[in-house]
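One structure is given below, encoded as structure tokens.
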Amino acid sequence: MNHLGNVKYLVIVFLIFFDLFLVNGRDVQNNIVDEIKYSEEVCNDQVDLYLLMDCSGSIRRHNWVNHAVPLAMKLIQQLNLNDNAIHLYVNVFSNNAKEIIRLHSDASKNKEKALIIIRSLLSTNLPYGRTNLTDALLQVRKHLNDRINRENANQLVVILTDGIPDSIQDSLKESRKLSDRGVKIAVFGIGQGINVAFNRFLVGCHPSDGKCNLYADSAWENVKNVIGPFMKAVCVEVEKTASCGVWDEWSPCSVTCGKGTRSRKREILHEGCTSEIQEQCEEERCPPKWEPLDVPDEPEDDQPRPRGDNSSVQKPEENIIDNNPQEPSPNPEEGKDENPNGFDLDENPENPPNPDIPEQKPNIPEDSEKEVPSDVPKNPEDDREENFDIPKKPENKHDNQNNLPNDKSDRNIPYSPLPPKVLDNERKQSDPQSQDNNGNRHVPNSEDRETRPHGRNNENRSYNRKYNDTPKHPEREEHEKPDNNKKKGESDNKYKIAGGIAGGLALLACAGLAYKFVVPGAATPYAGEPAPFDETLGEEDKDLDEPEQFRLPEENEWN
């Protein structure tokens, strides 16, 4: 309990809780691996290798011929020299550095040519002079300054020496400059007079370090057995960084509304790379769940409403013409003796038996000429003019007199689609007095039932009566072809408009030409440059003074 009062104790407990429950529960994306660091043998990759051979007098001719040159040849045999791998540079140094194989030359990329040049050192170069390692390292730095080396290639320097350089400080300075520019330096010591501490320090190994992969030494007799493991250790030492690849597009969210997850993947290029990641996604807010509403039950009526003739009758819509009327069903109980045809002669029944059947006027047969309906108008022409909403359709010309209606009551039965025109012969039956008074009136026949345009005279009627060989099928009159007449009128109007425009343009052209020759000022645009004022005057008027030039003529000068 005393620990609870200690602030430091509480802080430590909070940090432990934060590390266990919060830090370990971080998002998965924080553990994504996008880059991999790995080690690879440099000898199989792009490398610019600089081989520096000590040719000082301390090596002696015997060791040069039997050990030093064969050591260099064995080292080159282990290298992969080609355009896309290792490029070789070789120089020998004694008093000064001498270039043997130039970097990026043919021998630098061809192992056979490089071995021929190294084998020639047995006869062309003999050990002599001092150990000028500083000049040899300076030649390597010049390649970097002149950008002779490849930018994407690893830079490796391998030194074969048997002793201590002339200037230790200068050699260390040059080695530090190369190391700062990313160049690795490896030293292979040969013989009994080598300085192990200096060589380890030259390659960057601290004296307290145990094993140094960039340094190895051997006696002259065992040099061929040591160079192989040494070069393998040097090649493995190079560390590289590789990218794990590009991610694919995100997948759609796992839900259509609310919170869900989405993921994306990529191809694994190296071991240890992350291949798939997930993250949360949120879509639009989900709508509320549908729930059925509680609908109260309606109580049924104890006494249902009666249906039948006493139910409410729906009134028919006005101004609607039935092109196919149905004949009213006859009532066998009423009017058996008065109406043998079965039609209801009651004009205004108080209670119609069937409200769905439209009101029909009685149809009087032909033999009942004495019975005249009470609703026959005195002037049938006025009645015909009121029925203007009924569309007109011509009837066949071959209708005979027997097919014509004999009763005015049939007029109200709609024909499909044009009712027959009231003729004078029907007026004769309905109103005999009017026929007697108008004795000069023309009595039409069945031929006059055809529809005619306005303005037709009686000559055409007589022609139709004279020649009865009319075609059986009715022919449409010119006024019954509105589409053809309309097209013909439109084409005639187009020609008229085009002719008017052409005539107007011709008149304008003639008026312009006339105006050009009649009015002098109209020809001004077609004239050349205006002549000077003196040139327009005559010879006798050029010497006149300005007041005399503009003086009005005297009375005697007008003639």
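The backbone N, Cα and C atoms fix where each Cβ goes, and this holds for glycine too.
Here Swiss-Prot flags 431-440 as compositional bias 'Polar residues'. Marked as compositional bias 'Acidic residues' by Swiss-Prot: 536-547. The disulfide bond annotation in Swiss-Prot covers Cys244-Cys273, Cys253-Cys281, Cys257-Cys286 and is backed by experimental evidence. The domain 'TSP type-1' annotation in Swiss-Prot covers 241-287. Positions annotated as region 'Disordered' by Swiss-Prot: 280-496, 523-559. Look at Swiss-Prot and you will find 516-559 tagged as topological domain 'Cytoplasmic', backed by sequence analysis.
Sequence features, as recorded in Swiss-Prot, placed on the structure.
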| residue | record | Cβ within 10 Å |
| --- | --- | --- |
| Cys244 | disulfide bond | 19 |
| Cys253 | disulfide bond | 16 |
| Cys257 | disulfide bond | 12 |
| Cys273 | disulfide bond | 18 |
| Cys281 | disulfide bond | 17 |
| Cys286 | disulfide bond | 11 |
Cα-Cα distance linking Cys253 (disulfide bond) and Cys244 (disulfide bond), given in Å to the nearest integer: 25
DSSP helix/strand/coil residue counts for the domain 'TSP type-1' (241-287): 0 helix, 17 strand, 30 coil
Alpha-carbon spacing, Cys253 (disulfide bond) to Cys273 (disulfide bond), which is rounded to whole Å: 24
Cα distance (Å, whole number) from Cys281 (disulfide bond) to Cys257 (disulfide bond): 10
Spatial separation of Cys273 (disulfide bond) from Cys286 (disulfide bond) - C-alpha basis, Å: 37
